[in-house]
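Supplied in structure tokens, the structure appears directly below.
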Amino acid sequence: IGFGTYQLQGDICYQAVSTALEVGYRYIDTADRYQNQQEVGKAIQQSQLKRDELFVTSKIWHTNQYTKQIIDDAQRFLDELQLEYLDLLLVHWPNRSIPIQETVDGFLKVLESGYVKHVGVSNCTVHHLEDFEKAGFPIENNQIEFHPSLNQHELLTYCQSKNIVVTAYSPLAQGDDLHLDTVTSLAQKYEKSPAQIVLNWIRQKGVVPIPRSESKEHIVDNYQSIHWGLTEEDIALLNQVDQNHRVINPPFGDFDY
């Protein structure tokens, strides 16, 4: 399980990431667009955790996917985060108006330079993934919106067949999925919170959830979704609540491609 930082800024972000690291999270997800990399970096520095205990992800915004810009951005991210390297750098949103080779070349260069250990994408459909693959992009991760009411079955199956790790942002559908009947009844059955039920289901699907919260109570509660498991029958029940319900769908999202 990772910790997401979308919409967390300033001191709230610093406190939330500090709390998450204290609780036991070791995977921190940020992005240039979130305007919080300095706060994330400060929390990491002050945690005094060893660098190799942590996994830090950032993302290149969709208008910046030109070779030179990617290299410049990656260097700036490291300065803001006070890190010597990023574990994972992602294409934040696919942008077909920029020649794909520009993007791929930039990512290959930051890999070669050691600024970044792994590369991947976010918000990509199967079609986008195929395009990137043809262009020589060694995709290791696709970070997508994923939760019971948007279970992305076809995309998940494709990623798993290609050994692409799937990370789930908005894993609780910004709270919407906590009110699904199946989720609330399973929460009673297991004596867990609805959030723990959803996050456990995501993990059992082989997907890494990165819930975001600024409340210590929720940060702890989400983390306690690990070390236990739903039964196969209950996983199957949650597989059936898909409604193709997408909570993040900006005008430049290219989900129909």
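These residue numbers are counts, starting from 1, taken along the chain as shown.
Glycine is no exception: its Cβ is also placed from the backbone N, Cα and C atoms.
Grabbed the feature section from TrEMBL, which reads as follows:
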type	residues	note
DOMAIN	1-175	domain 'NADP-dependent oxidoreductase'
ACT_SITE	TYR34	active site, proton donor
SITE	LYS59	site 'Lowers pKa of active site Tyr'
BINDING	HIS92	substrate binding site
DOMAIN	181-242	domain 'NADP-dependent oxidoreductase'
Taking each of the recorded positions LYS59, HIS92 in turn and counting other Cβ atoms within 10 Å of its Cβ, which one has the fewest?
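It is HIS92 that, of the recorded positions LYS59, HIS92, has the fewest other Cβ atoms within 10 Å.
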With DSSP as the yardstick, break the domain 'NADP-dependent oxidoreductase' (181-242) down into helix, strand and coil residue counts.
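Secondary-structure breakdown of the domain 'NADP-dependent oxidoreductase' (181-242): 37 helix, 2 strand, 23 coil.
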Could you state the CA-to-CA distance between LYS59 (site 'Lowers pKa of active site Tyr') and the residue listed as 'substrate binding site' to the nearest Å?
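Per the Cα atoms, LYS59 (site 'Lowers pKa of active site Tyr') and the residue listed as 'substrate binding site' stand 5 Å apart.
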Rounded to a whole angstrom, what is the C-alpha distance between TYR34 (active site, proton donor) and the residue listed as 'substrate binding site'?
11
